[in-house]
Amino acid sequence: MPSFQLNEVTGITGAVTYSVRQKMFSDLVSDTRRIQPGVLFLAFKGERFNGEDFAAEALRKGAAGVMVSSGCPEETLRKCNGTVLLVEDTLKAYQQLAHAWRRRFPDLPVVAITGSNGKTTTKDLTAAVLSARGPVLKTQANYNNEIGLPLTLLGIRKEHTAAVVEIGMRGFHQIEAMAPLAEPKIGIVTNVGETHMELLGSLENIARAKSELVEAIPAGGTVILNADNPYVAAMRDKAGDGVQVMTFGLDHEADVRGENIRTEGSDTKFTAVYDGERHEYSIAMVGRHNVSNALAAIAAGFALGLRAEEIREGLLHLEATKMRFECRRVGAWNVVNDAYNASPMSMTAAIETLSDLTRGRKIAVMGDMLELGSVSVEAHRKVGRELAAHHFDAVVTRGEMGRYIAEGAEEGGIASVFCCGSHEDAADRLHKLLQPGDTILFKGSRGMQMEKIIDLL
Ligand code: ATP
Ligand code: MG
């Protein structure tokens with residue numbers, strides 16, 4: 001457990017003590033549901049939620065101490081019976097403590113992953129590859145933000161042989177602030193696409209923000225870049241002196257080059273060419289985009305000195321995260337749940353993959369791609385046209401932008417197109433539409449919760 005002495009906490013964070021009882025903390029916790037005897041509870045302030053309201057209760061539940069902001073009302077502090085620490089910014093203190101914990105394992109190689117699409121999948125693949133050498137810590141689910149990253153780092157234990165962390169971003173300087181907490185030796189950029197257009201305004205800006213990871217890799221480290229994405233390939237110039245650059249790709253010359261992709265059931269086999277040698281790999285995932293993600297993971301394996309056979313063995317232990325192109329049977333239908341999120345690039349990947357794999361009828365149930373700003377209307381129309389180009393038999397949409405997907409699909413010549421006002425309507429429509437053996441793709445932004453329609457079937 002990430003234990004800290006009181007004097008370490010004050011030294012690292014500059015906290016001042018308001019009252020002192022216990023001087024040893026067995027763990028750091030910011031989630032009220034995870035409070036255990038002995039821990040230090042850090043009170044964060046969210047938009048809807050103020051952790052300070054739980055400080056007194058945390059101590060009653062046995063927490064060894066609480067950390068609150070220096071602006072915390074005296075009245076709240078007086079109710080706290082135990083060690084109370086005051087800092088200017090509790091989130092910053094949490095990050096500082098997580099960084100200090102990470103530094104207790106100086107030899108642990110950390111791989112940090114960013115990109116517009118495929119971060120979580122590449123994280124799972126990289127952790128699988130590296131697991132060939134022993135236990136690997138990885139970001140759980142999608143905890144890739146300024147709270148999730150420190151939470152992950154606090155999970156480092158001495159038995160870990162590597163850590164793989166996902167770093168998301170919603171603006172400039174976020175990766176720049178987060179990456180140093182993890183002190184990564186290896187940085188992977190999967191791709192640059194129109195994912196946070198509303199926040200960053202252009203692909204150039206998204207690329208600039210993602211390249212902050214490349215700049216964070218120190219001499220002796222390696223950056224792993226997608227040769228097939230021009231914005232990522234150009235990040236080579238951002239690598240510092242003494243940083244090795246490795247590339248991966250399917251369509252362009254690359255240090256780790258994928259070829260000969262075959263789908264066998266729910267597995268994908270492919271050849272990776274590295275250093276003049278050809279190696280055969282298999283992953284329990286479908287889709288060409290996932291081969292690209294796997295090549296990044298394989299490159300990380302080579303960068304850390306794993307042999308090709310170890311990488312192959314590691315990939316067999318893949319533990320994928322849910323709702324990423326999850327295929328299953330529901331009644332007489334084949335359901336593909338890719339509803340975790342959606343962006344123009346991931347929509348294309350899902351549509352192409354499904355159409356490559358499906359011989360029978362194909363139905364798309366599509367929700368809005370959120371946060372696209374000024375490119376939104378055109379991006380949704382394009383999804384509709386792509387569905388038509390890949391011969392989908394019917395399209396059901398949800399959400400305000402769904403009508404543009406519908407327009408594109410109709411323009412492209414799909415006859416059965418329906419815009420639905422609720423998930424229930426969409427499920428009703430599907431019941432009328434579906435035939436045994438149909439394959440149905442569910443996809444939309446996280447906020448659209450498209451997977452709930454599957455539950456209604
Ligand atoms: P988030 O920003 O929400 O954390 P992420 O970058 O972690 O997303 P994943 O969760 O791995 O991405 O995948 C999300 C979706 O993106 C998948 O369901 C898949 O359709 C698509 N996707 C995954 N990898 C790629 C890729 N290399 N290129 C394009 N699309 C991809
Ligand atoms: Mg993710």
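Just so it is clear, glycine is given a Cβ too, placed from its N, Cα and C backbone atoms.
Here is what TrEMBL records for this protein:
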DOMAIN    31-101  domain 'Mur ligase N-terminal catalytic'
DOMAIN    113-300  domain 'Mur ligase central'
BINDING   Gly115, Ser116, Asn117, Gly118, Lys119, Thr120, Thr121  ATP binding site
DOMAIN    323-446  domain 'Mur ligase C-terminal'
Which binding-site residues from the set Gly115, Lys119, Thr120 come near ligand 2, judged by a Cβ under 6 Å from any of its atoms?
Lys119, Thr120
So what sits near Gly118 (ATP binding site) in its own chain, CB-to-CB under 8 Å and at least six residues off in sequence?
Thr190, Asn191, His289, Asn290, Ser292, Asn293, Ser346
Helix, strand or coil for Thr121 (ATP binding site)? Use DSSP.
helix
Determine which residues of this chain, when Gly115, Ser116, Asn117, Gly118, Lys119, Thr120, Thr121 are set aside, have a Cβ within 8 Å of the centroid of the ATP site's Cβ atoms, and list them as they appear in the sequence.
Ile113, Thr122, Thr190, Asn191, Asn293
Across every protein chain in view, the count of C-beta atoms other than its own within 10 A of the C-beta of Thr121 (ATP binding site) is 28
Confidence summary (mean pLDDT) of the domain 'Mur ligase N-terminal catalytic' (31-101):
94
Counting across all protein chains shown, how many other Cβ atoms sit within 10 Å of the Cβ of Asn117 (ATP binding site)?
24
In the three-state DSSP scheme, Ser116 (ATP binding site) belongs to coil
Count up the helix, strand and coil residues in the domain 'Mur ligase N-terminal catalytic' (31-101) according to DSSP, in that order.
30 helix, 15 strand, 26 coil
